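A short write-up of the structure that comes next.
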Amino acid sequence: MNWLILNCAQILHYALQHMLLSVFPILLGTLVAVPLARLANGFRLTRSSIYVASSVLYAIPSLPLLIFLPALLRTKILNPVNIEVALTIYAIAIMLTSASHAFLSIDPSVIHAADAMGFGAWKKFFQVELPLAGSQLLAGIRVVSVSTISLVTVGSLIGVNSLGFFFLEGYQRDFPLEIWVGIAATALIALLFDQILAICGRVLMPWNHRRVTRERSAA
Amino acid sequence: MEHGLGIAWKSVSKTYNDGTVAVNNVSVTADEHRTLALVGSSGSGKTTLLQMVNRMVTPNSGTVLIQGQDNQGMNPVTLRRSIGYVLQNGGLLPNKTVLDNIATVPVLQGTRRKDARVHALELLDEVGLEKSIQNRYPSELSGGQQQRVGVARALAANPEILLMDEPFAAVDPIVRRNLQDELLRLQSEIGKTIVFVTHDIDEAFYLGDKVALLRPGGTLAQVGTARELIDHPADSFVASFINAGCLRSELQ
């Protein structure tokens, strides 16, 4: 317990570091995967190759990737860019499949109605497809978020520190409490991000929640 | 009919990629300011004919003239915005409120959202809906209300042509009769050129100034007023289709 109090500042520091390292891959992975999945859905061949691509990307082992990336990107091994790129690749891998499914899940009659009303392609994407795929896209982003937050810890192995530092140090010092603190803090961050995303979903997509509220109030 | 106005299908045919013949050499006209009912069982090509008007479907041969102009020469997006379209399930956008659904096409055409909403509110009244539902989402409406919103939305950009694809098929018979009566009342005020697709011959007779009866396989069986079809059916197919409808309404 003493350890916890004495190292409070360091825990907070690494927690903050952890969050900063997580945000970028979640956002960039989503921004890349969503339009890519929508484009690929347009053709049967590209749609099926998306599932293959995402499996292949996700199957890349993380440690070799982290060692290999500096050579490829011509970055220093300690540069946080390496871990950010690696995590973005995993985020894209997860998000591609779920985004593809999200767009396919839209009721075709609504798309038909939008076409018949005279929506152009861009307006249809932003005003109809994106909002209606929204709840499934959000489900995908939530998985990406949790996965990224847990994967950030691997960065400690190559010197990009986050809460993963406590796993490494706790293991080296044979001090389980430190490992448990790292795990608990990581889980807390994952929960926090997940709740923020859920709230964003409720604010941005009120139509998904209105009827439920009504039914509850009627019951 | 004033010559050349309204909508004219000229020897149109459509075979889909899977080989289904939807429409086979059909010529028919929808007179200006009148209602043409396209009636037939499923597979008779009535929806395909309707969708040729706003270029959702392109015929393999033949032309569709709108006010005397071949619609193949028109920009599809502009054309669609200028034609009202009502679908069976309302076709409302689930992510927009009632008011924004109605305002959709005027906003696409560049009307300021605020102005479009003011007009949308007037339309709510015109189709017999309470103003209090304006901020609801489609999922919070009954089937009949959704259809009314669908009609209001189709009218919002003040189109000359209204395409209605089995708009009242999914509501119960009492609400359906109600909506049919309201459509007749509305049409007597606004006088649009309406193409109304239905599989129900009674509905076709009730709403159509002119009725075009289609056979399975997408050929035209007979065109005329309800009176003409009932008194002088062209063949046994027409007679039996009408009789089946009469029998059904007697049973109801």
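Any Cβ shown, glycine's included, is placed from N, Cα and C.
For A:15-201, the entry in TrEMBL reads domain 'ABC transmembrane type-1'.
The transmembrane segment annotation in TrEMBL covers A:20-39 (among others). Residues 46, 50, 80, 83-84, 87-88, 90-92, 94-97, 99-100, 102-103, 125, 129-130, 137, 141, 144-145, 148-149, 152, 155, 160, 162, 189, 193 of the same chain lie 6 or more positions beyond the ends of the transmembrane segment (A:20-39) yet place their CB under 8 Å from a CB of it.
As annotated by TrEMBL, transmembrane segment applies to A:51-73 (among others).
Using a Cβ-Cβ cut-off under 8 Å and counting only residues 6 or more beyond its ends in the same chain, the transmembrane segment (A:85-104) has close neighbours at 21-22, 24-26, 28-30, 32-34, 36-38, 40-41, 47, 50-51, 53-55, 57-58, 60, 62, 65-66, 69, 73, 129, 133-134, 136-137, 139-141, 143-144, 147-148, 151-152. As annotated by TrEMBL, transmembrane segment applies to A:85-104 (among others).
For the transmembrane segment (A:143-167), the list of distant contacts is 11, 14-15, 17-18, 21-22, 25-26, 29-30, 62-63, 66-67, 77-78, 80, 82-83, 87, 90-91, 94-95, 98, 178-179, 181-183, 185-186, 189-190, 193-194, 197: same-chain residues at least six beyond its ends, Cβ to Cβ under 8 Å. According to TrEMBL, the transmembrane segment annotation covers A:143-167 (among others).
Among the features that TrEMBL reports, transmembrane segment is placed at A:179-204 (among others).
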- prompt: Do any residues of this chain, six or more beyond the ends of the transmembrane segment (A:179-204), have a C-beta under 8 angstroms from a C-beta of it, and if so which?
  reply: 4, 11, 14-15, 18-19, 22, 26, 134-135, 138, 141-142, 145-146, 149-150, 153, 163-167, 170-171
